[in-house]
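Q: Before we start, here is the structure in question, set down as structure tokens.
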């Protein structure tokens with residue numbers, strides 16, 4: 001095992017990969033800091049850049065972007081009272097209060113340290129559990145894979161937003177989109193309308209870029225135009241004030257809180273469908289519950305900044321556990337990350353760890369380095385972050401659209417993929433504005449074909465006997481868990497209502 | 001929201017209906033999955049109408065979530081992208097991108113001409129260098145074929 005880690009360290013500490021981590025952290029900080037740009041968008045737009053890279057370098061870059069963009073949502077939360085990413089919503093509560101008190105630099109410093117701490121704890125968990133879990137997938141046959149895909153699809157019920165029906169509609173829409181192209185068993189062309197380009201279905205990356213990046217570019221441009229026409233002024237960005245590095249005593253006092261929050265974040269990250277924003281709020285509430293000075297929360301408490309920041313960054317490593325070991329993306333960002341794996345021909349599961357162990361362990365090791373770099377960049381760059389926030393959405397929108405275009409084109413050197421990106425960009429823009437979550441569409445596009453293939457294979461094995469899914473223990477347990485996962489968000493809604501009544 | 005959700009549910013229902021009947025052309029194995037989910041899509045579309053009727057305030061948003069003006073602006077972006085794609089073969093990636101960015105900056109209200117031009121040129125050149133030179137991804141060069 002030591003050999004594997006030494007080899008990973010040797011792979012990471014090359015000029016190319018260190019440069020990739022640095023670029024990833026800086027790009028992640030930039031995209032996460034700006035309200036309106038998300039971690040998902042940052043990753044989707046960057047995947048085409050990794051296409052011609054060595055797989056390890058590509059994944060190292062994506063991993064660094066993922067971690068840094070979740071951290072940097074705190075920057076605008078602290079300075080502008082607006083979270084840069086939804087995961088930083090809980091950081092606003094005490095972070096902005098610290099800014100009002102003239103301690104914005106300290107808040108930024110604590111956010112960086114807590115984020116790095118949370119990220120490192122979660123990478124330790126990732127390194128320990130992912131290989132073990134992947135090993136278990138060797139016991140999986142088609143029925144187990146079907147049950148696993150169904151479990152992954154039931155996560156949709158947790159990603160639904162305000163209207164559960166709209167979330168489910170988005171998911172089923174995604175499953176139908178995934179049926180375009182050749183049927184995985186018989187190769188029969190479906191919904192291709194005689195168009196050869198559709199035989200392989202819609203390529204995943206242009207769809208991802210369209211849904212998450214292009215739609216966001218449209219949104220930035222359109223909202224800028226409307227704000228401009230209405231004469232709405234953008235908020236002033238305060239100068240970063242005070243000392244960035246907290247006192248050693250303060251850091252010591254924060255350690256138990258950061259540790260607890262990191263564990264909470266890691267566990268929540270492992271559970272598919274929950275995500276970074278609830279993890280941050282749960283950690284915040286726990287920090288408050290355990291605190292001796294509860295009244296300070298909401299008034300600029302350093303614990304109120306450290307808890308959500310440790311927790312949301314811990315989700316990054318946690319969410320990669322089911323993704324890398326079983327191929328289950330628990331949220332939109334990890335679904336996009338899976339796209340990054342797939343374009344390099346890497347498939348999650350035991351094979352990933354046995355055949356491409358060097359790539360996976362290099363990714364793990366690079367995440368340690370990236371999280372340390374987040375602390376360094378976060379502290380070193382705290383005073384210049386306010387300059388980043390000056391960038392206007394109208395400037396960003398067209399540039400993101402250009403990157404979406406070139407990114408879609410670059411995968412297959414094919415203009416057809418730009419059409420796909422544009423189509424899904426428009427669909428994404430319209431659906432999002434009408435309250436449809438986009439994550440279920442992606443989850444369904446990824447898991448739908450796996451479910452269909454393994455379902456058909458299971459039916460062939462069992463000669464059309466559905467009992468095959470319930471006679472095998474792993475499959476049966478996964479289906480039961482899937483049923484619970486599917487029903488629980490609806491039941492919790494009913495329970496809440498009864499409590500209110 | 002009832003009117004909007006009604007229209008959206010109608011679109012999803014028609015999509016499901018189309019997928020269901022179109023699937024009859026496929027082989028039995030190939031048709032099962034799309035047929036099944038086409039029916040689920042139609043059922044969910046009906047459920048959306050029922051849900052909106054029963055709980056009209058669930059989403060707490062106003063009726064006109066996307067205004068006509070926003071649709072027009074979306075159409076302008078889409079049309080600009082389509083024209084850009086047509087221009088790619090003639091003008092090549094770099095020049096087409098400079099023009100696209102500059103026009104979008106102008107249309108969407110960024111009227112500092114000098115800055116808009118600098119950002120358009122810089123962004124396009126940087127993207128070209130990254131893909132064409134550093135990542136070895138060939139981009140269309142149009143009239144400037146073999147120029148760089």
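Cβ coordinates are placed from backbone N, Cα and C, and glycine is handled just like the others.
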Q: Looking at the ranges A:299-317, A:394-412, which is given as transmembrane segment in TrEMBL?
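A: It is A:394-412 that TrEMBL annotates as transmembrane segment.
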Q: For the transmembrane segment (A:263-284), which recorded stretch in the set A:18-47, A:59-80, A:107-133, A:320-343, A:418-434 gives the largest number of Cβ pairs separated by under 8 Å?
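A: Ranking A:18-47, A:59-80, A:107-133, A:320-343, A:418-434 by Cβ pairs under 8 Å to the transmembrane segment (A:263-284) puts A:320-343 first.
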Q: Checking distant contacts: for the transmembrane segment (A:418-434), what same-chain residues at least six beyond its ends satisfy Cβ-Cβ under 8 A?
A: 166, 170, 202-203, 206-207, 209-215, 217-219, 404-405, 407-409, 441
Q: Between the transmembrane segment (A:107-133) and the transmembrane segment (A:197-218), are there three or more C-beta pairs closer than 8 Å, counting only pairs 6 or more apart along the chain?
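A: With fewer than 3 qualifying Cβ pairs, these stretches do not touch.
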Q: Using Cβ atoms only, state whether the transmembrane segment (A:320-343) and the transmembrane segment (A:59-80) have three or more pairs under 8 Å that are 6 or more apart in sequence.
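A: These two stretches do touch.
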Q: Kindly say whether the transmembrane segment (A:363-382) and the transmembrane segment (A:167-185) touch, using the definition of 3 or more Cβ pairs under 8 Å where each pair is 6 or more positions apart.
A: no
Q: Sequence-remote contacts (6 or more beyond its ends) of the transmembrane segment (A:394-412), Cβ cut-off under 8 Å?
A: 34, 36-37, 41, 44-45, 47-49, 51, 203, 205-206, 209-210, 213-214, 216-221, 224-225, 228, 343, 418, 420-421, 425
